[in-house]
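For reference, the structure is listed below as structure tokens.
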Amino acid sequence: SPQEAQSEPALGHFLGERTQDLANLRMSDTSRTTFGGRRAIPPNNSNAAEDDLPTEELQGLVPRGVNLQDFLNVSAVHLFKERWDSNKIDHHTDKYDNDKLIVRRGQSFYVQIDFNRPYDPRRDLFRVEYVIGRYPQENKGTYIPVPVVPELQKGKWGAKVIMSEDRSVRLSIQSSPECIVGKFRMYVAIWTPYGILRTRRNPETDTYILFNPWCEEDAVYLDNEKEREEYVLNDIGVIFYGDFNDIKSRSWSYGQFEDGILDACLYVMDRAQMDLSGRGNPIKVSRVGSAMINAKDDEGVLVGSWDNIYAYGVPPSAWTGSVDILLEYRSSENPVRYGQCWVFAGVFNTFLRCLGIPARVITNYFSAHDNDANLQMDIFLEEDGSVSNKLTKDSVWNYHCWNEAWMTRPDLPVGFGGWQAVDSTPQENSDGMYRCGPASVQAVKHGHVCFQFDAPFVFAEVNSDLIYITAKKDGTHVVETLDTTHIGKLIVTKQLEGDGIQDITDTYKFQEGQEEERLALETALMYGAKKALNTEGVVKSRSDVDMDFEVENAVLGKDFKITITFRNNSSNRYSISAYLSGNITFYTGVSKMEFKKETFDVVLDPLSFKKEEVLVRAGEYMSQLLEQGFLHFFVTARINETKDVLAKQKSTVLTIPKVIIKVRGAAFVGSDMVVTVEFTNPLKETLQNVWMYLEGPGVIRPKRKTFREIRPNATVQWEEVCQPWVPGRRKLIASLTSDSLRHVYGELDLQIQRRPSM
């Protein structure tokens, strides 16, 4: 019909004119200022900033007698955004405690538009528009006109009419799998011969668009359903800490679906002044996140503190999850005090999972913090065998937590996509800011450290050699012995389905001594990882005497024993001078003070062995103890006859008492449940200034309570009433902190039932 013939060019005219109008409108809006002569409009780097599109854009005057109300007008827009609606269930966003529409990119969703009269596709022209930020531009992906098309095409924006009855039209809208991630404003625009009529700005139709690990075209696509359940949808995790010989774990509430958390994560990117056009790229989003989760140099989320003094803030060990931290950052607009590596990793994991990037927290036991990235950790000894704190600059962290995020890496050669190491603990500068990654784990394993970002640093964290060097009084240095297996001893994460441990060491490195392991090291050296000393062939001549020692399982506030064993494998008689040093250390391996010093002499008959016992009293370590209860022992022994030096070091983590959580009442959604948190002070001293923390995503919002003191052997109880709102497997997590005792946790697994139907 002639009418249809008219509508085709009209639509083209509508599109062209609309874009031109928008350009003109923007130019007039910003012509008052010029931006350093370089750009016509200011940077579009805030999701929160808005600028309303005009409701009418008319070309000249409307002729007399024409009433614009006679054309199609929108009376209502329905987004099907309830938790039980298919939009949220199909897009796996039904867990978000948020009443706006939340969809994942590259996947279609439903919208219904009610008009003032029945829609006639032959003469009525309309389209949906999505806008983000204050200065939207179509070529930047910040202004998205969605055309009504007969069929949706993979990978492209489009809207298809799937139902038209009476005055309502139902659309299936599909977004691009490369779409910007954030909160969009939605409009409906109608074309008339005299210009465009547009709906008013309505916050109820705002739509969040997230990354989509379920969509094959998305850069974060993950093809395993169990992995998506864990790395995107699980809001409770387990973080491993402690020591390689004594692995400890604690639950962490990621809480990525809790009220206000999605907005807080978008705010983090706004605070970084990250250009909106880059927010669809997971490489850029995760790199900005690694800089912004720490407050160094950019007023980010968390202030790091490792000095055991936490004035005006919360000690890192007291946090039970990310929710409190992100909400406080959003409301105060100031960095939150304080964090250490597992807190940075926990909050970063929430940020990534909330936006839809699959992520996990990993722990590396004996992690090298190599100050000059030369793949060598130099430990200098005095001539008597004790460690020289003056000369030893590198530190070996007992453990270090970072994150892995899953994505393709189109900027790298094929094969380096998949898990990427990202670290938000501020350790070293990367391109002028404290951030680390994303570094391809596969590239780290094979030594391809030339590929961005920060692969040499991650390679050194898991592959450095420990070198013991004696600093002689005459100023010379003698390499005593080399330990190639100590660093990166074990790398772990939480297993899928369950709270157990999964060993992922082999994703970062080949087994020690394999041909591939040597090759990876040579590749890394070729690509510029430095090695200062040539240590080939430096192997200590085997002594006739072996030495080892064991630290008894030590409970906080109790005495314990250290047993040192000497074995003489020869037919000679030897006399030995030995030295034991006990140090209170930070988990970063840095010594705070020596609390125990003992020297003893041993005489060994031929082919015999001898045990020496050293008693460590609670009074020796309690007054200086740091919050994680790490004690580090170093034993050196000199065989007087041969002048051979034997050296061994071990850490132990004191067993710290637990907080006990109990519940009473029916474990149903919407029913009252009483939670009791209980703690008994096992120490001989009164605890002062006690704070207790409690949270459980979907069960109870984060709470805290203070007690002035808890006397020795006294028990305190704290009760809270809550109404769970999420069914299924849940967890309650509690912690306690005080002036002299910290790192006290407790947790309780719950099964919350759906409300019984009447």
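Yeah, the Cβs are placed from backbone N, Cα and C, and that goes for glycine too.
Over in TrEMBL, the protein carries these features:
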- 26-52: region 'Disordered' (REGION)
- 333-426: domain 'Transglutaminase-like' (DOMAIN)
- CYS341: active site (ACT_SITE)
- HIS400: active site (ACT_SITE)
- ASP423: active site (ACT_SITE)
- ASN463, ASP465, GLU512, GLU517: Ca(2+) binding site (BINDING)
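Structure coloured by features recorded in TrEMBL.
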{"residue": "CYS341", "record": "active site", "CB count, 10 Å": "28"}
{"residue": "HIS400", "record": "active site", "CB count, 10 Å": "27"}
{"residue": "ASP423", "record": "active site", "CB count, 10 Å": "31"}
{"residue": "ASN463", "record": "Ca(2+) binding site", "CB count, 10 Å": "24"}
{"residue": "ASP465", "record": "Ca(2+) binding site", "CB count, 10 Å": "21"}
{"residue": "GLU512", "record": "Ca(2+) binding site", "CB count, 10 Å": "10"}
{"residue": "GLU517", "record": "Ca(2+) binding site", "CB count, 10 Å": "17"}
Key: Segment-level pLDDT (mean, integer) for the domain 'Transglutaminase-like' (333-426)   = 91
Message = Need this for a regression test: recorded positions CYS341, ASN463, GLU512, GLU517, filtered to those with Cα within 10 Å of HIS400 (active site). What's left?
response = CYS341
Output field, Ca(2+) shell: CB within 8 Å of site CB centroid, site ASN463, ASP465, GLU512, GLU517 dropped = THR484, THR485, ILE487, GLY488, LYS509, LEU521
Query = At the level of the C-alpha atoms, what whole-angstrom distance separates ASP465 (Ca(2+) binding site) and CYS341 (active site)?
reply = 23
Inquiry  = Roughly how many Å lie between the Cα atoms of GLU517 (Ca(2+) binding site) and CYS341 (active site), rounded to a whole value?
reply    = 28
Query = Where the distance is taken from Cα to Cα, which of the recorded positions CYS341, ASN463, GLU512 turns out closest to ASP423 (active site)?
reply = CYS341
Note = Helix, strand and coil residue totals from DSSP for the domain 'Transglutaminase-like' (333-426) stand at 15 helix, 41 strand, 38 coil
Key: Rounded Cα separation (Å) that holds between CYS341 (active site) and GLU512 (Ca(2+) binding site)   = 27
